Amino acid sequence: MKKFAVFGNPIKHSISPRLHNYAIKELGLDAFYSRILLEDNIKLKEKFNTLNLDGANITIPFKEDAFKVCDHLDRYANHIGSINTLVKKNNTLYGYNTDAPGFLKAIEEFGKINSALILGAGGTAKALAYALYTKNIKADILNRSEKRKSNFKQSNFYLWDDFKIEQYDLVINSTSAGLVDEEYPVPKELLEDIFKNSSFAFDVIYNKNTPFLRLANSFKIPNKDGKDMLVYQAVLALNFFYNSNLDEKKIEIAMKKAISL
Ligand code: NDP
C-alpha cells in the first residue's frame with residue numbers, strides 16, 4: 001500500500017485527505033492519504049522518512065521549507081521557490097509546484113486573458129505571477145506593503161497609494177483578506193475603480209463568498225472562487241505520486257464529487 005499525507009500548521013481543516021482518498025477509492029488504487037500537523041519546519045524531511053511516505057502535499061506555512069529539502073525540482077518549483085508536492089522516487093525527493101498549473105487550468109473558462117492584476121504579494125501571488133508569465137500574460141502586482149517587492153522582478157509592483165487605474169482582463173485576490181474576516185484586499189473605493197476597468201475576477205479563497213467576490217458580483221463581473229484551483233492542484237499532485245501514469249480526467253471527476261460532498 002502507498003502512503004501519502006499533507007503537512008501543515010494548522011492542518012485539521014485541510015480537505016486534501018477527503019479529495020485524495022475519494023479519488024484513490026474511485027480509481028481502485030491501493031493507498032491511504034492522511035494529515036500531519038507539523039510543529040517544526042526542521043522536522044519535515046525526518047517526519048516524511050519516519051512515516052515511510054511515498055508522497056506528500058505541503059501547505060501553509062511550510063512550502064518554502066519543503067522546497068529546500070528536494071533533490072530535484074520541476075520548472076514551476078524552481079522559479080517560484082516553493083513546492084506543494086513532494087514525491088519519493090528511488091530514495092530521492094522530487095518537488096513540484098502544482099498551485100501554478102492548477103491556477104492556469106482554473107482560469108481557462110474565462111477565455112483568452114492578456115493582462116492581469118494580482119492583489120497581494122505572498123507565496124501564492126508569486127506562483128500565480130510566474131504561471132501567467134509562462135503564458136505571456138502581463139501580470140502587475142498591487143500590495144499593501146513593499147517588503148516582498150524583490151520576489152516580482154518580471155512584474156510591475158505597485159503600492160495602494162501609487163497605483164494608477166489601468167484596464168485589466170483579470171483581477172485576482174491572492175491575499176488572505178476575506179478568509180477569516182470581512183476585509184477587502186485593497187481599500188473598497190480602489191477595488192471599485194479596479195472592477196470598473198476589469199472583465200473577470202478570481203479569488204484564491206474557496207468555499208466562501210468573500211467581500212471581493214461580492215463586490216465583483218455587484219459590478220456584474222463574471223467571477224469564481226479558488227475551489228477549481230484547489231481541485232486541479234490536487235489532481236496534478238496525485239498523478240505525480242503515480243509517476244504521471246493516472247488518468248487526470250478520472251481523478252478530476254472523483255475530486256469534484258468529493259469536494260461537493
Ligand atoms: P502569504 O501569507 O504568503 O501572503 C499573504 C498576502 O496577502 C501578502 O501579500 C499580505 O500582504 C496580503 N494580506 C494579508 N492580509 C491582508 C489584508 N487584510 N489586506 C490586504 N492584504 C493582505 O499567503 P499565501 O500567499 O500563502 O496565501 C494566500 C491565500 O491563498 C490564502 O487565503 C490561502 O488559503 C489561499 N490559497 C489558495 C489555494 C487554492 O488552491 N485555492 C492554494 C494556495 C493558497 P503583506 O505582503 O503586506 O504582508
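Backbone N, Cα and C atoms are what each Cβ position is placed from, and that goes for glycine too.
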From candidates Asn41, Asn78, Asn84, Asn114, TrEMBL puts in the same shikimate site as Ser14, Ile15, Ser16, Thr59, Asp99, Tyr206, Gln233 the residue Asn84
Rounding to whole Å, the Cα atoms of Gln233 (shikimate binding site) and Val204 (NADP(+) binding site) are apart by 12
For Lys63 (active site, proton acceptor), the closest of the binding-site residues by C-alpha position, picking from Ser16, Asn84, Asp99, is Asn84
Per DSSP, the domain 'Quinate/shikimate 5-dehydrogenase/glutamyl-tRNA reductase' (114-195) contains 26 helix, 20 strand, 36 coil
Cβ proximity for Gly226 (NADP(+) binding site), under 8 A, sequence spacing 6+, ordered by residue number, returns Ala106, Phe202, Asp203, Val204, Ile205, Tyr206
Out of Ser16, Thr59, Gln233, the listed binding-site residues, fewest other Cβ atoms within 10 Å surround the Cβ of Thr59
Counting other CB atoms within 10 Å of each candidate's CB, the least crowded of the binding-site residues Asn84, Asp99, Val204 is Val204
